[in-house]
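Read through the structure below, which is laid out as structure tokens, and then see the notes.
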Amino acid sequence: MEPKTKKQRSLYIPYAGPVLLEFPLLNKGSAFSMEERRNFNLLGLLPEVVETIEEQAERAWIQYQGFKTEIDKHIYLRNIQDTNETLFYRLVNNHLDEMMPVIYTPTVGAACERFSEIYRRSRGVFISYQNRHNMDDILQNVPNHNIKVIVVTDGERILGLGDQGIGGMGIPIGKLSLYTACGGISPAYTLPVVLDVGTNNQQLLNDPLYMGWRNPRITDDEYYEFVDEFIQAVKQRWPDVLLQFEDFAQKNAMPLLNRYRNEICSFNDDIQGTAAVTVGTLIAASRAAGGQLSEKKIVFLGAGSAGCGIAEMIIAQTPREGLSEEAARQKVFMVDRFGLLTDKMPNLLPFQTKLVQKRENLSDWDTDSDVLSLLDVVRNVKPDILIGVSGQTGLFTEEIIREMHKHCPRPIVMPLSNPTSRVEATPQDIIAWTEGNALVATGSPFNPVVWKDKIYPIAQCNNAFIFPGIGLGVIASGASRITDEMLMSASETLAQYSPLVLNGEGLVLPELKDIQKVSRAIAFAVGKMAQQQGVAVKTSAEALQQAIDDNFWQAEYRDYRRTSI
């Protein structure tokens with residue numbers, strides 16, 4: 001359902017003069033009316049012509065096109081965001097296909113690596129270990145009192161790039177930009193946070209420009225006590241906030257999620273968001289290929305928290321299609337750098353133990369090796385689906401893909417590793433190796449593939465199809481927790497919007513131009529499930545939809561009225 005056009009009420013503000021022009025959430029630049037210029041002491045501080053936001057956006061678009069590199073475009077857009085947020089979101093929404101890869105993956109990876117070099121202006125909150133005893137004061141310094149969504153990182157596992165220290169702040173900033181651009185959550189309600197617990201990246205420690213705490217990362221009890229102090233301070237300041245954990249290292253991601261998911265409304269996008277969008281993609285791809293997800297045999301390359309999170313959500317989904325959990329687990333095969341996870345493998349992580357295969361059941365496999373490689377697994381399992389979350393480039397070789405296609409006429413191949421430089425195989429190669437028969441979805445954006453004069457659109461399995469809708473649904477419903485069932489309802493809703501399923505052709509995921517519509521539908525499904533699960537107050541469907549409409553922010557200037565401080 002499209003948002004209803006609503007008349008914006010006037011906004012009463014106490015700021016005036018240059019202070020108002022320096023306030024990104026309120027600045028209109030050349031769009032201040034003559035009356036506003038008189039009332040807010042802006043006469044003579046702006047050029048004579050009063051422009052519309054579309055005229056401003058057109059000028060910004062022309063300027064944007066003048067930049068030749070993606071990182072320069074990223075810096076330019078961040079500068080607009082830090083001076084006029086409403087214009088920033090109007091511009092991004094006007095050119096979402098072009099700009100999403102620039103404000104987020106893959107370009108944000110380079111921005112994180114060069115954070116201290118390209119730093120212009122502070123955005124968000126930096127909480128260093130040195131300031132751990134000032135946590136409450138730091139959060140009180142945040143000027144926006146009604147924060148509803150926080151994205152927090154400690155910068156240790158940024159995309160596939162590893163430890164970026166406080167450079168990881170680029171991820172919460174980019175993620176929250178998508179909460180607004182795709183999910184309609186007002187930027188005034190969002191807060192990016194980086195927990196500066198040091199860095200083990202020697203290059204950063206040796207960099208004279210590095211702006212973070214120059215110290216090796218704290219670990220173990222010190223680390224968990226610091227994170228706990230942060231969580232308690234957030235609960236004290238904003239008890240109803242949605243907290244998203246982002247790009248924490250594997251050793252910390254799952255423990256933190258498990259520790260806090262029932263204490264504060266929180267989720268981990270790398271684990272749960274990635275799982276939700278992947279499951280939604282797989283449901284749609286399975287229907288397009290013929291059949292249900294529960295019928296498919298699935299091989300994962302990468303058995304970290306993200307891969308195992310996806311696998312567990314697939315297993316949780318299959319009972320909806322009539323398959324038992326035990327039977328579902330027998331269809332999922334996890335491969336890491338040591339080979340297939342089996343019950344005879346030592347040193348498994350806790351979240352891996354439920355995803356092993358019994359070695360005794362593999363005695364008839366065609367292999368001469370004790371270590372069961374990805375090729376061994378593909379040859380013997382004959383999977384329908386191959387998912388890459390390894391963070392290592394080139395591991396889906398021609399031999400592996402051709403072996404898969406030999407037994408599966410319509411293989412589903414998903415190299416999900418980010419950024420583009422880490423992808424397990426390129427869509428071009430996968431399409432060629434399967435004679436144009438593979439359904440391909442990637443983690444990073446790729447151009448359509450042309451093979452034998454036919455165009456193959458490549459879907460980006462982008463978490464932005466999921467987390468903005470979840471955030472909007474949580475805010476609109478007032479949900480106090482995010483349950484697995486809420487995530488599964490988001491996946492199912494996403495699958496319902498697949499052009500390939502609806503029309504028999506096109507992308508397996510919706511086009512970006514439809515992302516706000518999809519986010520609103522996901523918000524409704526998530527809010528409804530939250531009510532059914534008892535983590536939100538029950539209302540009518542009409543009331544929930546109205547709450548979504550009321551909370552859906554759009555990049556339009558409001559009329560300003562002067563008030564005293």
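Backbone N, Cα and C define each Cβ position, glycine as well.
Noted in Swiss-Prot for the protein shown:
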- Y104: active site, proton donor (ACT_SITE)
- K175: active site, proton acceptor (ACT_SITE)
- R157, D270, N418: NAD(+) binding site (BINDING)
- E246, D247, D270: divalent metal cation binding site (BINDING)
- D270: site 'Important for activity' (SITE)
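Residue density at D270 (NAD(+) binding site): 26 other Cβ atoms are found within 10 A of its Cβ, drawing on all protein chains shown. Under the three-state DSSP scheme, D270 (NAD(+) binding site) falls in the helix class. Note on proximity: of the recorded positions R157, K175, D247, D270, N418, the one nearest Y104 (active site, proton donor) is K175, by Cα distance. DSSP gives the residue listed as 'active site, proton donor' a coil state; it is part of no helix or strand. For R157 (NAD(+) binding site), applying a Cβ distance below 8 Å and a minimum sequence separation of six or more within one chain yields D163, D247, F248, A249, Q250, A253, D270. Long-range neighbours of N418 (NAD(+) binding site) (same chain, six or more residues apart, CB within less than 8 Å of its CB): T105, P106, G109, L159, G160, G443, S444.
Around the Cβ of E246 (divalent metal cation binding site), the same chain contributes V151, V152, T153, I171, P172, K175, N268, D269, D270, each under 8 angstroms and 6 or more positions distant in sequence. Around the Cβ of K175 (active site, proton acceptor), 26 further Cβ atoms fall within 10 Å across all displayed protein chains. Other C-beta atoms found within 10 angstroms of the C-beta of the residue listed as 'active site, proton donor' number 25, with every protein chain shown included.
Surrounding the centroid of the Cβ atoms of R157, D270, N418, where the record places NAD(+), the chain contributes additional residues within 8 Å, namely I158, L159, G160, D247, A306, G391. Highlighted in sequence order, T153, R157, I158, I171, F245, F248, A253, N268, D269 have their Cβ within 8 Å of the centre of the Cβ atoms of E246, D247, D270, the residues recorded for divalent metal cation, and are not part of that set. Of all residue pairs in the NAD(+)-binding list (R157, D270, N418), the one with the greatest Cα separation is 11 Å apart.
Around the Cβ of D247 (divalent metal cation binding site), 24 further Cβ atoms fall within 10 Å across all displayed protein chains. N418 (NAD(+) binding site) falls outside any helix or strand according to DSSP and counts as coil.
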